Amino acid sequence: MNIRMVREQTRRAFSIAKKDLRIYYYKPPVLISGILMPIFLCMAFLMGNKSVSLPFLIAGLLSMTLFFTATAISPVIFPWEGQTRTLERLISCPVAPESIIMGDMIASTIFGIAITLVALFIGHLIGVIVIHWILLICAIIIGSICFSAIGMLLSVPPTAVSQNIMLLSTLVKFPLIFVSGIFMPVEQMPGAGQVIAYLSPLTYFTDIARFSLTGTGYFPIYFDVWMLLLFTIILSVASIVLHKKTMPLRI
Amino acid sequence: MPDAISVINVTKRFGSLTAVNSISFSVKKGEIFGFLGPNGAGKTTTTRMLTGVLKPDFGDVQILGHSMVSAPLLAKQKFGVVPETSNAYPDLTAWQNLMFMGELYGLGSEHAKERTLYLLQIFDLYEHAQKKVQSFSKGMKQRLILAMALIHEPELIFLDEPTSGLDVSSARMILSMLREMNSRGVTIFLTTHNMDEANTLCHRVGIIRSGNLIAIDSPEKLKDTLDKIHQIEVSFNRDIPEEMLRNLPGITTFSRFGDKWKLSAQDKDLAIRSLVALSEHEGMSIISLNTLAPTLDDVFLRLTGGEK
């Protein structure tokens, strides 16, 4: 594939993302649940643990918002499009499988970033001060790509029944929330929990968010950034490779 | 001039089932080619390999000179597809669906808008441009799907049962559009169960059974090769005795049905000439004379084993 084709395929991936945003994301229930669910989780956590500081809480809110929104819709797009046979239309168009996958990831990334910025704005309104703005914005962008890739990976099994994928998604997402230092700092976790925390990209995003809001983190910040980038690359490549294998099985 | 479609020893297996077994055929540029076969014969699998939705296990498909195996994006750019199941996005409007297709085929924004407007007008959907497709009737959806397939002015179009389940007016509109497109040089690959449609529309048809291509020719030639015994129905202006027909050259059997005679003949031409000579010799006139040639339905049923 030459550079001109890469450019054209990138444009087509953005067209697919625009379509996804219109069809799957710009829906009041999706937008509202994207904001409300993390807020309710944080409120529940706050009511159970009043000793926690506001910046600590908002850092956790940002992590959960980004994670939940970037993985909310992306796992079910492939099953839906397989069921309605619109996937067959996309495949018969001059669009590479990579562009279809990237398109879905771009939509999920944009949605994740937009809703997380709303959560950040809410935090700002209630008096939280961001110490490292640029770092936080970069981390939100990279984290959103990374979590979108997780969402895409969850949709790899070639089923047209979206409920199956939602169940799988819940089974993976909720445990990750609890082992990633959102509700309990990594340093306070038991030994096994700390080991698992290392394997979750959400841990590194949470640590960056906490560093950006409180000025302190568990890991060195460069380690957080590199680990988040590494996870993003590995998960994105894995998502593309695996979807290319299972895509024909959806037809 | 390369063929519009060249299928070269294409095979597709699903586990132990061979869905398509090393088939080869070509479709000429400007041709309307009908692809027929009973359910489960391999029609849809073949069409999906031709449109790049499935990859063949062996063989190659060339679309207007581009290999679907080695250069699928270039090949796909050349054609439009109307699948059997309507698959426009129901949550998008007709306008958004067409614009989206324009973007996927690499049309510039202005060009895509022009084409969208033009297609909405000629397919009688302009009034509904801003309505979501979920509110469309089946006929409107099918017209939109055809419009989506034509957004980039393709040289080749694949259609799978384009008029299935449509009302008469939508079906006629689509068939007339296909004829009009073909007259402008667009090659049409039509998968259908409708034998009348195939008979009246297609220059050639291919028939697939159990993954094997068992016949490929023009509808008339296929009908001609099916049965060497032709049926003729004739009536005269007066009653005639059986003896007059008994020894006529070319006529094998005869029987009476009301005021008509039903004859069978191996040589249709010779039998008709004999009947005309008889009527002249006896001072009679022929009121009606029909040759009851096999229909494409008969050909299909015979070749696909639907009729023993």
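The backbone N, Cα and C atoms fix where each Cβ goes, and this holds for glycine too.
The following features are taken from TrEMBL:
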type	residues	note
DOMAIN	A:20-246	domain 'ABC transmembrane type-2'
TRANSMEM	A:30-47	transmembrane segment
TRANSMEM	A:54-80	transmembrane segment
TRANSMEM	A:100-122	transmembrane segment
TRANSMEM	A:129-153	transmembrane segment
TRANSMEM	A:165-183	transmembrane segment
TRANSMEM	A:219-242	transmembrane segment
Stretch of maximal Cβ-Cβ contact with the transmembrane segment (A:54-80) [cut-off: under 8 Å; candidates A:30-47, A:100-122, A:165-183, A:219-242]: A:100-122
Positions whose Cβ lies under 8 angstroms from the transmembrane segment (A:165-183), at least six residues beyond its ends: 45, 60, 63-64, 67-68, 71, 75-76, 79, 150-151, 154-155, 157, 159, 189, 193, 196-197, 200, 202-203, 206-207, 210, 218
Beyond the flanks of the transmembrane segment (A:30-47) by 6 or more, those residues with Cβ under 8 Å of it: 24, 57, 60-61, 64-65, 68-69, 72-73, 111, 115, 118-119, 122, 183
